[in-house]
Amino acid sequence: MEGSKASSSTMQVSFVCQRCSQPLKLDTSFKILDRVTIQELTAPLLTTAQAKPGESQEEEANSGEEPFIETRQDGVSRRFIPPARMMSTESANSFTLIGEASDGGTMENLSRRLKVTGDLFDIMSGQTDVDHPLCEECTDTLLDQLDTQLNVTENECQNYKRCLEMLEQMNEGDSEQLQRELKELALEEERLIQELEDVEKNRKVVAENLEKVQAEAERLDQEEAQYQREYSEFKRQQLELDDELKSVENQMRYAQMQLDKLKKTNVFNATFHIWHSGQFGTINNFRLGRLPSAPVEWNEINAAWGQTVLLLHALANKMGLKFQRYRLVPYGNHSYLESLTDKSKELPLYCSGGLRFFWDNKFDHAMVAFLDCVQQFKEEVEKGETRFCLPYRMDVEKGKIEDTGGSGGSYSIKTQFNSEEQWTKALKFMLTNLKWGLAWVSSQFYNK
């Protein structure tokens, strides 16, 4: 209960729900409770219980309390619960309100009504498992729960009744049959228990085997993971090696292509390109000769002679030929021939022009000596190839080259007492003979 002072002459008292603690507004009927109403509310739950003659009176005489009687009706056990003593003035829950009021009698009546109401709630709480008072919602919820319990109890009661009726209808033969069935069921139970024990033993064995298998499976999983890591590492290495192998194969393929290309390449033809430019014979684009209409610089003529000496020297080395009387010394635009009979004698294959050119015959001797070397090369080739023949016949003693297939004239390779046109033509015929010799060497020593 909770109380608050609303005014100097009025005391408000309220009760709260024992479940949700919400304040309650009591019904007006609680204000007009009389003794008869209170006795009806506090009457025992079961009023049909009858005690055995003599026992009830004896208990009432001995104890002075209302009896606790258990009766049976229709196979249902019923118990009589005596009511609680409400009107005891010694109750521990009694109280008296003291407050200011204009009328002392009014306060006394209020205190009495509240005491009666509180005692009534205490009695109701003592007779049930539920504390009172309750609000309307909690009461509805409680009633629903009680209805559910009542339905369950009624169903149990009906089941008990049916079982009792079945037992009453059974005769002695049925009882013996049930006893036999009970023994059989007991034996079946023992057998099943034994099977259960065997199954339990087998389960333990299987559990132990399962643990071993799980441990083995875990070990295998670890090994599999290790093998997988190793496999991944080896796979990575394999991929790297495959890439390297493909790279090497591509390099080898490219090198093989270059090698095949080089094998098909004529080194002499690629190095020494002999051709003509008008009336001039050319080697590597250097003109060999001089005309009044085309005064070629002597530096270009000297360079052409250097390439010519280098070509004949390379052809002789390829054939293993050693020239008699002279040794070729390729030295760029200052190449020369060295006399084998007189080591101190050098025959230059280069000239600077001027007046000295007309009086110095060493240049002419060098060109005649070079023509001698070309003749020796021709004779060496004819030793192994009788059908070999150069297009222009060479006369070393006279220092001339004959145009046997053309006009039939001969042209001197010397510059003294010779025109520039004939000298240039003689040099052109000499380059043509060297081109034929170059072609023969390339065909014979291509794969050597």
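Count begins at 1; order follows the chain as displayed.
Cβ coordinates come from backbone N, Cα and C, glycine included.
Positions annotated as N-acetylmethionine by Swiss-Prot: Met1.
Annotation source Swiss-Prot lists phosphoserine at Ser14 (among others).
Summarising the annotation, Swiss-Prot assigns phosphoserine to Ser29 (among others).
Annotation source Swiss-Prot lists region 'Disordered' at 47-72.
The feature phosphoserine is assigned by Swiss-Prot to Ser88 (among others).
Look at Swiss-Prot and you will find Ser91 (among others) tagged as phosphoserine.
Swiss-Prot lists Ser94 (among others) with the feature phosphoserine.
As a whole-number mean, the pLDDT of the motif 'BH3' (106-125) in this prediction is 71. According to Swiss-Prot, the motif 'BH3' annotation covers 106-125.
Residues annotated as region 'Interaction with BCL2 and BCL2L1 isoform Bcl-X(L)' in Swiss-Prot, with similarity to another entry given as evidence: 110-157. Summarised by DSSP class, the composition of the region 'Interaction with BCL2 and BCL2L1 isoform Bcl-X(L)' (110-157) is 40 helix, 0 strand, 8 coil.
The number of other Cβ atoms within 10 Å of the Cβ belonging to Thr117 (phosphothreonine), over all protein chains shown, comes to 18. According to Swiss-Prot, the feature phosphothreonine maps to Thr117, an assignment based on similarity to another entry.
Residues or ranges marked as coiled coil by Swiss-Prot: 140-267.
Residues annotated as region 'Evolutionary conserved domain (ECD)' in Swiss-Prot: 243-448.
Cβ environment of Lys400 (ubiquitin cross-link): Met394, Ser410, Tyr411, Ser412, Ile413, Ala426 lie under 8 Å away, each six or more residues apart in the same chain. The ubiquitin cross-link annotation in Swiss-Prot covers Lys400 (among others) and is backed by similarity to another entry.
Residues or ranges marked as region 'Required for membrane-association' in Swiss-Prot (evidence: similarity to another entry): 423-448.
Annotation note: Lys435 (ubiquitin cross-link) sits in a helical segment as assigned by DSSP. The ubiquitin cross-link annotation in Swiss-Prot covers Lys435 (among others).
Counting every protein chain shown, 22 other Cβ atoms lie within 10 Å of the Cβ of Lys435 (ubiquitin cross-link). Looking at Lys435 (ubiquitin cross-link) and Thr117 (phosphothreonine), their Cα atoms lie 148 Å from each other.
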